[in-house]
Amino acid sequence: MTSVVVVGTQWGDEGKGKITDFLSADAEVIARYQGGDNAGHTIVIDGKKFKLHLIPSGIFFPQKISVIGNGVVVNPKSLVKELAYLHDEGVTTDNLRISDRAHVILPYHIQLDQLQEDAKGDNKIGTTIKGIGPAYMDKAARVGIRIADLLDKDIFAERLRINLAEKNRLFEKMYNSTPLDFDAIFEEYYAYGQEIKQYVTDTSVILNDALDAGKRVLFEGAQGVMLDIDQGTYPFVTSSNPVAGGVTIGSGVGPSKINKVVGVCKAYTSRVGDGPFPTELFDEVGERIREVGHEYGTTTGRPRRVGWFDSVVMRHSRRVSGITNLSLNSIDVLSGLDTVKICVAYDLDGKRIDYYPASLEQLKRCKPIYEELPGWQEDITGVRSLDELPENARNYVRRVGELVGVRISTFSVGPGREQTNILESVWASI
């Protein structure tokens with residue numbers, strides 16, 4: 001029984017797809033356990049970029065099983081589109097499995113997402129308008145439609161009719177918006193269900209059977225710990241639990257079967273959307289990092305906010321996710337800077353604190369306390385070991401590990417598979 005969980009430790013976009021793809025080489029099953037198509041991940045294979053939103057990164061290994069777990073909310077329209085995209089690129093999807101217990105995103109979720117966000121005015125939280133939140137709301141309210149329901153024509157029609165009647169009343173009376181048509185949604189989405197039917201099964205059985213047989217299972221999280229609905233910067237968070245604990249709920253695998261948790265982070269910090277960001281940069285350095293790091297959202301295309309590495313955030317993520325290993329990405333983006341900074345603590349009303357406050361009001365008053373290190377000018381994109389890094393870059397990597405309190409297993413100096421350097425094999429250490 002061998003399993004590894006990959007989680008983002010910041011606000012998403014840390015490079016989880018790349019690291020998952022890298023670790024997938026030694027896994028036999030790869031599974032997603034939460035989120036939806038609001039999260040994008042980019043994988044580079046032989047110099048070619050593939051952008052996925054729902055399907056796990058392991059899909060590029062045809063001999064391995066890729067699982068969309070019960071904790072994922074699935075937009076069938078997006079899924080069918082993504083499958084077609086992969087097929088057009090010559091990628092087989094015969095190895096995909098979708099949980100029959102996963103909940104379905106429907107057009108009324110997306111419309112409600114947009115209306116709710118618009119109604120917030122200046123208090124918007126920066127949702128991707130993908131219907132994720134409303135779908136999880138229906139799930140919690142026990143009125144959601146699951147994949148198993150989508151495949152049953154009569155049950156789907158019955159539940160869609162009830163839900164749509166309620167949502168249309170809400171659209172018309174509360175938001176003064178246009179109601180949606182039952183027949184159009186039913187026809188379109190039932191057809192999507194039939195297209196994905198071949199992939200649908202009880203994925204909890206597949207995952208547990210694989211673990212019981214001694215196979216290596218990799219769990220792939222979406223977003224990041226700081227977007228977790230419980231542990232993140234609430235309410236500027238997602239509607240699910242990206243933390244490692246979300247694996248047990250979102251995949252149907254018990255906590256005793258989790259061996260390692262790999263936290264993925266960048267050598268700096270980025271964030272899409274609104275919400276607290278203590279180390280955010282608004283100067284030329286921030287603009288340089290954004291451009292060199294190509295910091296634009298995979299899903300939204302929006303420019304990401306960028307800032308210095310925040311070890312306070314990282315220690316919070318380590319604690320609430322039980323991180324055992326760290327993967328440090330995008331070190332190359334910092335090349336060319338005279339100095340680099342790491343936030344080691346916050347100043348809150350004149351008091352030094354080393355924890356991440358829950359209160360948004362306190363966070364607004366937090367000022368980062370920085371440790372400044374000398375930068376490096378060399379191009380490090382061709383580096384293939386820690387010893388090949390310039391001394392200042394090497395010191396930066398070591399200092400990150402010290403401040404976070406977790407050993408660094410891999411570091412990356414570019415987006416390619418070959419640019420990921422192994423310091424310690426995660427699989428071998430289990």
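In case you wondered, yes, glycine gets a Cβ from its N, Cα and C as well.
Taken verbatim from Swiss-Prot:
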type	residues	note
BINDING	12-18, 40-42, Arg304, 330-332, 412-414	GTP binding site
BINDING	Asp13, Gly40	Mg(2+) binding site
BINDING	Asp13, Glu14, Gly15, Lys16, Asn38, Ala39, Gly40, His41, Thr128, Arg142, Gln223, Thr238, Arg302	IMP binding site
ACT_SITE	Asp13	active site, proton acceptor
ACT_SITE	His41	active site, proton donor
BINDING	Thr298, Thr299, Thr300, Gly301, Arg302, Pro303, Arg304	substrate binding site
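Ranked by Cβ neighbours within 10 A across all protein chains shown, the binding-site residues Gly12, Gly15, Gly40, Pro303 are led by Gly12.
Measuring Cα to Cα from Gly12 (GTP binding site), the binding-site residues that fall within 10 Å are Gln223, out of Thr128, Gln223, Pro303. The record assigns Asp13, Glu14, Gly15, Lys16, Asn38, Ala39, Gly40, His41, Thr128, Arg142, Gln223, Thr238, Arg302 to the IMP site; their largest pairwise CA distance measures 34 Å.
For Val413 (GTP binding site), the nearest of the binding-site residues Asp13, Asn38, Thr128, Gln223, Gly301 in terms of C-alpha separation is Asp13. Annotation: Asp13, Gly40 are the binding-site residues among Asp13, Gly40, Gly301, Arg304 whose CA atoms are within 10 angstroms of the CA of Gln223 (IMP binding site). Nearest Cα neighbour of Pro303 (substrate binding site) among the listed binding-site residues (Asn38, Thr42, Thr128, Ile331): Thr128. You'll find the Cα of Lys18 (GTP binding site) roughly 22 Å from the Cα of Thr128 (IMP binding site). Other Cβ atoms within 10 Å of the Cβ of the residue listed as 'active site, proton donor', summed over all protein chains shown, number 27. Counting only the Cα atoms, the space from Thr42 (GTP binding site) to Arg304 (substrate binding site) is about 15 angstrom. Within 10 Å of Gly15 (GTP binding site), judged by CA to CA distance, lie the following recorded positions from the set Asn38, His41, Thr128, Arg304: His41. It is Arg302, among the binding-site residues Lys18, Arg302, Arg304, whose Cβ has the fewest other Cβ atoms within 10 Å in the structure shown.
When secondary structure is read from DSSP and collapsed to three states, Ile331 (GTP binding site) falls in the helix class.
Of Asp13, Gly40, Thr128, Arg304, all annotated as binding-site residues, the residue with the shortest Cα distance to Ile331 (GTP binding site) is Asp13.
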